[in-house]
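Asker: Before I ask anything, let me first share the structure, which is written out below as structure tokens.
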Amino acid sequence: MRTSKMKISLALVSCVLLVCVVNAEDAVVEEVTDSSSEKAASAIEKVQYVSPEPDGDVYLAEHFDNPEAIGTKWVKSQAKKEGTDESLAKYDGLWAIEPASKEPIPGDLGLVMKSKAKHAAISALLEKPFHFTDKPLIVQYDVTLQNGQECGGAYLKLLQYDKEMRLSQFTDKTPYTIMFGPDKCGNDHKLHFIFQHKNPKNESFEEKHAKKPSTKLDEYFSDKKPHLYRLQVYPDNTFDVSVDYKIINKGSLLEDMVPPVNPPSEIDDPEDRMPSDWDEREKIPDPAAVKPEDWDEDAPEQVIDENAVKPSGWLEDEEIMIPDPTAVMPDDWDEEMDGTWEAPLIENPACESAPGCGKWTPPMMPNPEFKGKWRAPLIDNPNYRGKWRPKKIPNPEYYFDPNPFHMSSIGAVGIEVWSMSDNILFDNVIVTDEKDVADQWAAATFDIKRELVDSDGVSHNFYVLLI
């Protein structure tokens, strides 16, 4: 079936190219005019969007072009969030499958979280579980923060495989293997890659966070454009994260996660104590030093400047603030009830051109005799033994996992978020183990959408749009 569709697509493209060649026989190269732009826009309107089919091995490929997918393939959570006030506990955020609010392509729909300040959760099973064996995991989707983002997330959770999984009970407590995607609150912009690592000693799980990328992320949250997020995790325990095909974070599961996958083999002995005679002071006051006889500890830091002279024109008989001569006592002022009325004070106009008004006093100046409290000079401490540290002991919790890539199998993809911004559009989710499949999927979906948005709805790449 895919082969037939591919043949039809190639035939369509060939026809289009043939028409373009024939019509271009007498054409000349010139600047694009308003008229040609209108023709291009008209041509785009005639192009019918066709929901893509993945060409290769996939575990999930969701373009959200079927409005009936909610309630069938994608299941809204009916659960309640634990440990939360009853009024906030429900996952009652609204979901809809609808076109983008800006530059929609006819027939191209997305999954939109309609509500703000509400918990929202929805999930879908993979076509088959993903097992971490000898192939990479590639997770890709695009997000449009159609109203920007104040505070909240737009990330995916890859849920642990469970034969008894009930998607209607999906909550923040549902075990997941990987959490990936953008998140923001205030000026804190994040692009999460978190995986749950299983402790081989006690089989407990602990979150391991990829180190924060150095690339600035704020534009992705504010420009209201679609952005393509991709995570690739490889069997050699490396990973990379890209946005719009640009790698912004990469590293090793063994070396670049916080906290580290493998704990230290030795730890400080919690029972060890610093000996009472251990001297950590590198410098000490010189015990042989003596305060000089002429050192006056009581001399003030500042003294009156005896050489200061009152500036010429200083008005000592004038007050800095005077009663406002134009003020009038309010008619409703009752002196028996309100007390004696006094005009409000204003700056004395006589002082505006004078160097000063009121009583003049000489200014203070640094005291040349000031020395302050005497302290003996410091010398090297002959008893200095360095900074004390507890001795090391074998870590009782130590283990070494050489292959953290071997994570828990994935059985479903979920979105479980809370946001202060609404109308967040998720689209074109794909889980695969082949990079070419992810590239082809993005070319048939995200590339077309982004090209239209960047050109304000007028495509300058008619060939790409048709493909």
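Glycine too: its Cβ is placed from the backbone N, Cα and C atoms.
According to TrEMBL, the protein has these features:
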- 272-283: compositional bias 'Basic and acidic residues' (COMPBIAS)
- C151-C185: disulfide bond (DISULFID)
- 257-283: region 'Disordered' (REGION)
- 1-24: signal peptide (SIGNAL)
Asker: Mind checking how the compositional bias 'Basic and acidic residues' (272-283) divides into helix, strand and coil residues in DSSP?
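Answerer: Grouping H, G, I as helix and E, B as strand yields 0 helix, 1 strand, 11 coil.
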Asker: Around C151 (disulfide bond), how many other C-beta atoms are within 10 angstroms of its C-beta?
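Answerer: So the Cβ neighbour count for C151 (disulfide bond) comes to 15.
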Asker: Only counting partners 6 or more residues apart, tell me which same-chain residues put their Cβ under 8 Å from the Cβ of C185 (disulfide bond).
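Answerer: Listed in sequence order, they are E150, C151, G152.
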